[in-house]
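Copied over from Swiss-Prot, here are the features:
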type: DOMAIN; residues: 4-227; note: domain 'Radical SAM core'
type: BINDING; residues: 13, 63, 94, 155, 254, 255, 256; note: GTP binding site
type: BINDING; residues: 20, 24, 27; note: [4Fe-4S] cluster 1 binding site
type: BINDING; residues: 26, 67, 118, 189; note: S-adenosyl-L-methionine binding site
type: BINDING; residues: 249, 252, 266; note: [4Fe-4S] cluster 2 binding site
């Protein structure tokens, strides 16, 4: 369906849990989070009702996120049932891949089309520091397994932080020359824990691109959040997601369901609609989703205000 600004909204990002097995420095506090009561989070059946209702309003792309979505025991069942909705054409997942190696085959059989893997360093010690304890070898094994079973495309999402991992930019780019893997560099945002790092850690996509004169622009879909490039010898592309330096609101086609059951029409707006109260009434649920999509804000104002208006943390929203 169209929002009141004429944008076609066909993409729903679903945060199935706010829990995670890592505590990345820009996402979670060092002490982790307090586990929510079961009644305060969306159950599998409730999530599926929202997905089903959204599909009736023109949503045909679903991405499951977290926290870490693979913590959810029924994620394969959720993917399978989603794949049986005839109007859903694309089912993706964003994961840290710590648990992916043992589950990627069943997920692909269930209907998962592609994965984005959050990976902010290729160095074992640095990865452990950024994630506060993560084992990078589990991520590498998951990538290898995903490639071996033909999961395509595989994208690596990398949040670039000045003085922390910006010296690895070339290493990440060069992966596209060796493997059929896409890279997405994401600008650090002043949201949640990222506020603490933003002043000293922010580096713009433009600055990175300007250092690499051999990058070749690639035609990009209007609704894409990334500007795409590649090297002459690349197997896949290199994308730059630039919410701070070059916002993409005019072509935004997505809304987000949080693990608590609120629908966020804009990642960086405090406006959201509680859907959990309506999952028992299909007509009311459809009406509330329709209302939220129609009233999606025209744009965020992070560039001007240097801060997200969202009161939620990234692990609660799913990015």
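Heads up, residue numbers simply count up from 1 along the chain you see.
Positions of Cβ are set from backbone N, Cα and C atoms, glycine also.
Ranked by CA distance from residue 256 (GTP binding site), the binding-site residues 24, 26, 27, 249, 266 have 266 at the top as the closest. Across the domain 'Radical SAM core' (4-227), mean pLDDT in this model comes to 96. Of the listed binding-site residues, namely 94, 118, the sparsest CB environment within 10 A is found at 94. When Cα-Cα distances from residue 118 (S-adenosyl-L-methionine binding site) are compared across the binding-site residues 24, 63, 249, 252, 254, the shortest belongs to 24. Taking Cα separation as the measure, residue 63 (GTP binding site) is nearest to 252 of the binding-site residues 26, 249, 252.
Here the binding residues for GTP are 13, 63, 94, 155, 254, 255, 256. Their largest Cα to Cα distance works out to 21 Å. Across the residues annotated as binding S-adenosyl-L-methionine (26, 67, 118, 189), the widest Cα-Cα separation comes to 17 Å. The Cα of residue 94 (GTP binding site) lies closest to that of 67, out of the binding-site residues 20, 26, 67, 249, 266.
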